[in-house]
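A.B. asks: Taken from Swiss-Prot, the feature active site, schiff-base intermediate with DNA covers Pro2. Per Swiss-Prot, the feature active site, proton donor maps to Glu3, Lys56, Arg260. The DNA binding site annotation in Swiss-Prot covers His89, Arg107, Lys151 and is backed by sequence analysis. Here Swiss-Prot flags 236-270 as zinc finger, drawing on sequence analysis.
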Amino acid sequence: MPELPEVEVTRRSFAGAIEGATVRGITVGKPLRWPLGTEPAVLVGRRVCGVRRRGKYLLLDLDEGLLLIHLGMSGSLRFARDLPARGAHDHFELITDHGTLRLHDPRRFGAVVWAAGESDPRARKLLDGWGLEPLGEDFAFEAFHAGLRAKRTPIKQLLLAGTVVVGVGNIYACEVLFLAGIRPTTRACAIGPQRARRLHGAIREVLARAVERGGSTLRDFSSADGSAGHFQLEANVYGRAGLQCRQCGTPVRLSRQGQRSTYFCPHCQRA
């Protein structure tokens, strides 16, 4: 599933090119996870004012309303003036005078939803309840630590839930906890101030580095300009079960936690 770094990389890869564009048409394919929420003709003539990100959602601000885009489990966006003919898994196109934005989504768990604004019930249903933005200025340690103290959930599962901090997917949760030296099964409320600060810093560091590397391409992710990500090539623990820890030489372990694969070093992450 594309996580925060992949979504941010996608945003950066086409935001400048589409800003100021006028919508000329909409192409809708097979049904996605949620319906568009308006007739496609309503969007024709609208101008794209900018592209933002909230967690794993992209927000295309229009001069009237906005489009919320979620990439689902296997989705990706492409933006270009001349795209090849639509394929069987291309389910949405926003055609503008700057180029076409196309959603490719083989499993159709993604969505493009129109809303009148962020206070629209459709937008609130998707955006409300998410935690702090880890790459934003409001990712304050005090609020983050308060969120940890209130939960008895194992820290790895709390990171994945997105209610305290948003967008930390499985690969990044494993890498963050390794960098912070915290065992994935440790209860969030048991993490004291010193370790919480290490965790807070590790979240920023890992996600920022992932964005710089273009995200992670584990199967089929690419940004809107077709570029693959490379973060997975330098992972310390994720995908390295049985291999020596890059830091101490202990074999990396693999376990199942909340139906997800968890990679950790038993020596570097003792508690």
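Glycine too: its Cβ is placed from the backbone N, Cα and C atoms.
Map the listed features onto the structure and describe their local environment.
C.D. replies: Within its own chain, Glu3 (active site, proton donor) has Lys56, Gly167, Val168, Gly169, Asn170, Ile171, Tyr172, Gly215, Ser216 as residues 6 or more apart in sequence whose C-beta sits under 8 angstroms from its own.
Annotation note: Lys56 (active site, proton donor) sits in a coil segment as assigned by DSSP.
Every protein chain shown contributes to the tally, and the Cβ of Arg107 (DNA binding site) ends up with 12 other Cβ atoms within 10 Å.
For the zinc finger (236-270), the list of distant contacts is 154, 156-157, 160, 170-171, 174-175, 177-179, 181-185: same-chain residues at least six beyond its ends, Cβ to Cβ under 8 Å.
Residue density at Arg260 (active site, proton donor): 15 other Cβ atoms are found within 10 A of its Cβ, drawing on all protein chains shown. Look at Arg260 (active site, proton donor): DSSP puts it in a strand.
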A.B. asks: Suppose you look only at the zinc finger (236-270); what would the mean pLDDT be?
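C.D. replies: Summing pLDDT over the zinc finger (236-270) and dividing by its length gives 96.
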A.B. asks: How far is it from Arg107 (DNA binding site) to Pro2 (active site, schiff-base intermediate with DNA), counting Cα to Cα, in Å?
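C.D. replies: If we compare the Cα positions of Arg107 (DNA binding site) and Pro2 (active site, schiff-base intermediate with DNA), the gap is 13 Å.
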A.B. asks: Got a sec? Which of these recorded positions, Lys56, His89, Lys151, has the most Cβ atoms within 10 Å?
C.D. replies: Lys56
